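Q: Attaching a single structure in structure tokens format; questions to follow.
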Amino acid sequence: MEAHQFIKAPGITTAIEQAALAAANSALANAVVVRPFLSHQQIEILINLMQPRQLVFRPEVFWNHPIQRVIHNELELYCRARSGRCLEIGAHPRSINDNPNVVHRCFLRPAGRDVQRWYTAPTRGPAANCRRSALRGLPAADRTYCFDGFSGCNFPAETGIALYSLHDMSPSDVAEAMFRHGMTRLYAALHLPPEVLLPPGTYRTASYLLIHDGRRVVVTYEGDTSAGYNHDVSNLRSWIRTTKVTGDHPLVIERVRAIGCHFVLLLTAAPEPSPMPYVPYPRSTEVYVRSIFGPGGTPSLFPTSCSTKSTFHAVPAHIWDRLMLFGATLDDQAFCCSRLMTYLRGISYKVTVGTLVANEGWNASEDALTAVITAAYLTICHQRYLRTQAISKGMRRLEREHAQKFITRLYSWLFEKSGRDYIPGRQLEFYAQCRRWLSAGFHLDPRVLVFDESAPCHCRTAIRKAVSKFCCFMKWLGQECTCFLQPAEGVVGDQGHDNEAYEGSDVDPAESAISDISGSYVVPGTALQPLYQALDLPAEIVARAGRLTATVKVSQVDGRIDCETLLGNKTFRTSFVDGAVLETNGPERHNLSFDASQSTMAAGPFSLTYAASAAGLEVRYVAAGLDHRAVFAPGVSPRSAPGEVTAFCSALYRFNREAQRLSLTGNFWFHPEGLLGPFAPFSPGHVWESANPFCGESTLYTRTWSEVDAVPSPAQPDLGFTSEPSIPSRAATPTPAAPLPPPAPDPSPTLSAPARGEPAPGATARAPAITHQTARHRRLLFTYPDGSKVFAGSLFESTCTWLVNASNVDHRPGGGLCHAFYQRYPASFDAASFVMRDGAAAYTLTPRPIIHAVAPDYRLEHNPKRLEAAYRETCSRLGTAAYPLLGTGIYQVPIGPSFDAWERNHRPGDELYLPELAARWFEANRPTCPTLTITEDVARTANLAIELDSATDVGRACAGCRVTPGVVQYQFTAGVPGSGKSRSITQADVDVVVVPTRELRNAWRRRGFAAFTPHTAARVTQGRRVVIDEAPSLPPHLLLLHMQRAATVHLLGDPNQIPAIDFEHAGLVPAIRPDLAPTSWWHVTHRCPADVCELIRGAYPMIQTTSRVLRSLFWGEPAVGQKLVFTQAAKAANPGSVTVHEAQGATYTETTIIATADARGLIQSSRAHAIVALTRHTEKCVIIDAPGLLREVGISDAIVNNFFLAGGEIGHQRPSVIPRGNPDANVDTLAAFPPSCQISAFHQLAEELGHRPAPVAAVLPPCPELEQGLLYLPQELTTCDSVVTFELTDIVHCRMAAPSQRKAVLSTLVGRYGRRTKLYNASHSDVRDSLARFIPAIGPVQVTTCELYELVEAMVEKGQDGSAVLELDLCSRDVSRITFFQKDCNKFTTGETIAHGKVGQGISAWSKTFCALFGPWFRAIEKAILALLPQGVFYGDAFDDTVFSAAVAAAKASMVFENDFSEFDSTQNNFSLGLECAIMEECGMPQWLIRLYHLIRSAWILQAPKESLRGFWKKHSGEPGTLLWNTVWNMAVITHCYDFRDLQVAAFKGDDSIVLCSEYRQSPGAAVLIAGCGLKLKVDFRPIGLYAGVVVAPGLGALPDVVRFAGRLTEKNWGPGPERAEQLRLAVSDFLRKLTNVAQMCVDVVSRVYGVSPGLVHNLIGMLQAVADGKAHFTESVKPVLDLTNSILCRVE
């Protein structure tokens, strides 16, 4: 066997590529999302700093400090995920509301920039109290925060976090503060740039600018728009150098995360800190080079900028390394300063070759270049000197050693020491130097700095004083402060130092052993009763949990606890890890804080500790007011009754859903194993393992019981809680998605107790905090346009977020409704629990959101303003509210004023509940017209607009007018243009008419009406009957003014036409534009001609016209009538014209629309302008559209011109739509098929069809030889080696091809349309005579505007606007182009799926111009053929499925004749094309149109995206009339080649055909036609056949083909987005609808025709049921593509 080094192993290559793809997907899935807008330089900085993390840029916000904030957010996530419930130091005000896990926050009184931060802090939630205290100097309102600072606060907390808030504290100060808090761990994020270790100066790096004046350091990052960060230098230096604090408060400081010079420090209290050296900047990209002369002195008495020049300069490390390598390796004669300068200049330029950066470059200042050249030259000179001296002294030493005698060598061997510590070379020290010598070096490399200093805490007073005095003495001597307690600064160590803390480990490797609690424990619910009470669970759940006992198997491995809970017949799994996300029933998030070393867990207000004891597992629970211990014995408990477990799960789910609906912040979502487990109430990673393998996700209690109404059953006992949920009957409700288990009977004794939530006789029954849903008896009375509703019934049946109580001034329990609230929610009257007050109203969230509103007492005084305020004070909330009629009870407020006050002061979606007396009043006074509610905000904005408007000359008449909040009733008559809305108004019905323009005013006045423009009408509309014409186009503030001032108001207008325009661009018009609901719609126009109606039908689907003018739009003619333009500039350029806005509402006999280029944006953004322009004329409209603006919005004459050019006529035809009905479920056999497992169904299908999982995703078959035509190839045939799919199963039942591959497109072009065509020259008369058995002589066909309308309608449904239809110019490529596409669907097969050797299928798309030219003719011919078809012959899909099935069922004694064409399109030639042209001529199509069709079909060019084929004769699927002519050719071949006896039914669709007959034979002339055209027919004659996706069974009918449908589902890609899964569900649902009445019959027939077992079909139907229920499971697979293509041979014909 020969092996070669260049042979590639495909398997290994594929595995490597898949691994690389998986790595890339994993990196993207865990990428950091960068939200701010960044410059190119900022992006490069972030990418370099965040390596190796993957970044995803989604710019959507502007930040002042984008680079720092991205780093800050990343480090903040790390700190908060590990800290759990903690104390936070110096929190940013905007982060307070987002982090509920913080138990206390330490602030300082705001000064400077902090004041600005507090002003922009949120004014809601916990941040509001902090903001108020900070800005007003008030003391803290509660214990959650303080302003004493971290050093002055003593709030106890075990863990803390400090995000960039410790820069002004030393490590010693932090250690003492942590001791006062009792804190053991503190996560601190700090910004520690290395430049603070250098002397004062200005340092500029690639990322930031740092100014160091000796005391303070200011850092400003690249691209910042505000001031930089200002910190104390000494503190930053101490944080960099210190790794431990010694003394009475010892600490260990670890660097657990680092991004650039941003660090997360973990400060841990440790009794004996050990040495922990670390390298702070191992990835530093700068080297700091010293300037020998320094920055220079001060040139005068006054300081200048030169004093800020740097002693050191930041130089890119790659520049310094390359410069030193170049200089050190130069020849002695070549080494000089000028050569170094030349080289430095060369490497300082950035060089890019394509996308490869060959040289990064360096943009340096003159000072930096001078310092670098000087330092490099002197350093290299010193190194060369050392090299020379080392060689010289070494040679002399070698000569002396080799000259030694025997005695000298013996002496050295006997007396000189050697051992383990001996290192070669250590015995020689030719050169020694001092730190301050010039030869000690000119640069500082941060990459090799190592620090391990200790800082004594301030309690060591005597030692600190001695050290201070010694340091001062050393400074007096002119020396550096080298304290003997600390190592020297900047110790240089190896560059690969392994710092475990720096790499990210926050676990001490020497931690104490963790106790193992693994085992099986018995957890009875009775042992956790105190915890349930602390959790505020309803009595029902507590009682049910007390009767259950669970077995919990605990497994503890590597700081992780896995629990398996066995509860009855259910198994739950949970995994406890630090930082795990706990499921909640609200927006608030909770993360589990789990410390295995301390055996503690905490989240929210709950915490627990556990330990293994002799009696079992001992757990201590701590919560609000609870300190409870429980011991769980080892062993296995008896299994609880399944019915009890099911009832417990259902009650628990109802409680969770009720709490989720009522809670604003949310609490834990309680799972069964979370309440019956040793670590209650936590249940992270909840998983339910069902014992039934055919059960899907819907069998979980979280889905199943949501569909069950929790109504107490009177037949079952009630122990003070809601009884078992009753299952609705099948006849009353739809069939559930999965079968539900019947509820088990309650084994407890029967007691007589009142239902939950109802008062017992002689006692007050108090409902729990969260009530359960009961049966509703409310009645809907009215719905407002904003979604608000009025009900008759009980307020407590509402599902709104808030309930409003009619309270008293003191908010104490009272009578009436207030007493009912106290009965249900007594805790809501606790004043200490009020979260907010607004006026007299009080808001509380305990035990649910309730607003106590106070109405005035009308027994003492009538106070309408107080009544308005009572409702208005309840609107300061989020969510909806349910109201009573405030004050209408004891306070004797009349119903009418209270109801009107609610109408004016409520929010959208609110509900009002009326008692019976008020409900009868409402029904007697029900609004008969739509109402417009003017809220305070709308009124305020409208008044502002009126005030601005009254300052102009036009609006002076509106001065002093006001809009007040209230409710206005109106009548709105809307209609299509020209429907006669204005003509319907008579003078007796109106006093004043308000119109938007002077033209309309004059037209109304000519009719005798008192008409005014909106501004002048302000003087006359008060108390009058007002009609407002073109109401939507009036300025909304004037519209509201007139509607409110009028006695009655009648609006006229068209919502689809031009609305009011905000000419001032102040934003007031869209803010107050009212939402008007038409009371009546008029759809008949008396103005618009027929062609205009068709153009605007998209906006007016029901428009009809009485006009006799059929065509009124003309292009390219001289201007006539009134000129209409779109802009004021066009109006100035065309005298006598008016703008479209001014012409709105007017009618002209003839118009001319002039579209100018400056109106492009107006027309594209507002189609209403085009509608108004088109609907102003009655007879003729000339369009002058030089820029083509109207063509861009679909208004063109090309379609109409081509239609009349082809011989179309104006007239009427029957529509081509076939009426279809939906059969009723009279025999619902589908209901007997339960959902089944998807996996088992597809595996059974694979077993019975013999298909196996394919190792490849697709096959590129060998490309055949090009036999005719000319093929144009792309330069590159790049293909994808693999395909990613989301599939239902890994076994595909279709021919596997790769439609998206370039080689597949070539194979299809050559294999299907490049094959040689067999020409057949013969007369068509014989074939036409045979075809007459199915299609008799047609005769002349009339093509009318009905076919044109159907063509346009089809284009609109596909999202086309007609702009692609051009004038018929055969020289234009856009007119004659034929586009080729590869079909993205493969054929279902029961045979081989891979080795089929078939090329793909293609589809062509003719130009829209040709489709519009031939389309109406082909539609008319198709209608003529359908009218002539004999009885029992079915064409295409132009029939109702039930009719076809009935015809098949009637042919009981027939067999099924099937014919399958092979290469149906490829075998069509000049003969089939000639037959088509003969039928066209027979129908009366113009000769030039027939010859054009023959020309296009006989010689064509298929244009693929990157390939093209010039060929002849072949037919392509996708051209206009494809179904028509394919079906006609199919009919002609079958009827000419075969004779049938007792023909009962014949159906033809494309290349599919069946004939139901008793027997058949081949006709005498068949061989000639088959041989002449090269036809390939595959005939089958059997009892049951297949046709167009259905199974044809004579005597039974046409049944859906379940096997084929399920098999085709396996081939498609159903991802990656959810919209594909929804398309699958809808398609399967439509298919199952066909099986409603024939499911069982389908099982028997389909199994017989495919030769499979009936169980397979039964299983497939169940699988489809599961998919239709939304339970489809998808598997992502990455499979290679098998490429079998060879070279393509081209030959020019």
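Every residue, even glycine, has its Cβ placed from backbone N, Cα and C.
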Q: Can you find which of His628, His686 Swiss-Prot lists as binding Zn(2+) at the same site as His671, Glu673?
A: His686
Q: At a threshold of under 8 Å on Cβ distances, which of 60-240, 510-691, 785-942 pairs most often with the region 'NTPase/helicase' (960-1204)?
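A: That would be 785-942.
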Q: Identify all same-chain residues not among His671, Glu673, His686 whose C-beta atom falls within 8 angstroms of the centroid of the Zn(2+) site's C-beta atoms; report them in sequence order.
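A: The surrounding set, listed in chain order, is Thr565, Phe572, Thr574, Pro672, Gly674, Gly677, Ser683, Val687, Trp688.
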Q: So for His671 (Zn(2+) binding site), how many other CB atoms are inside 10 Å of its CB?
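A: Looking across every protein chain shown, the total is 26.
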Q: Counting only residues 6+ apart in the same chain, whose Cβ is under 8 Å from the Cβ of Glu673 (Zn(2+) binding site)?
A: Ala550, Val552, Cys563, Thr565, Leu567, Phe572, Arg573, Thr574, Ser683, His686
Q: Taking DSSP three-state, what's Glu673 (Zn(2+) binding site) in: helix, strand or coil?
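A: DSSP assigns Glu673 (Zn(2+) binding site) to helix.
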Q: Under DSSP, the domain 'RdRp catalytic' (1454-1565) has how many residues in helix, strand and coil?
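A: Computed counts for the domain 'RdRp catalytic' (1454-1565) are 42 helix, 36 strand, 34 coil.
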Q: With every protein chain in view, what's the tally of Cβ atoms within 10 Å of the Cβ of His686 (Zn(2+) binding site), excluding that atom itself?
A: 18
Q: Can you tell me whether DSSP puts His686 (Zn(2+) binding site) in helix, strand or coil?
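A: It is coil.
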Q: May I have the DSSP-based helix, strand and coil counts for the residues of the domain '(+)RNA virus helicase ATP-binding' (934-1082)?
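A: Once the DSSP states are binned, the domain '(+)RNA virus helicase ATP-binding' (934-1082) shows 54 helix, 28 strand, 67 coil.
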Q: Looking only at the domain '(+)RNA virus helicase C-terminal' (1083-1216), how are its residues distributed among DSSP helix, strand and coil?
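A: With helix first, then strand, then coil, the domain '(+)RNA virus helicase C-terminal' (1083-1216) has 41 helix, 29 strand, 64 coil.
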Q: Quick one: mean pLDDT on the domain 'RdRp catalytic' (1454-1565)?
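A: Across the domain 'RdRp catalytic' (1454-1565), the average pLDDT comes out at 87.
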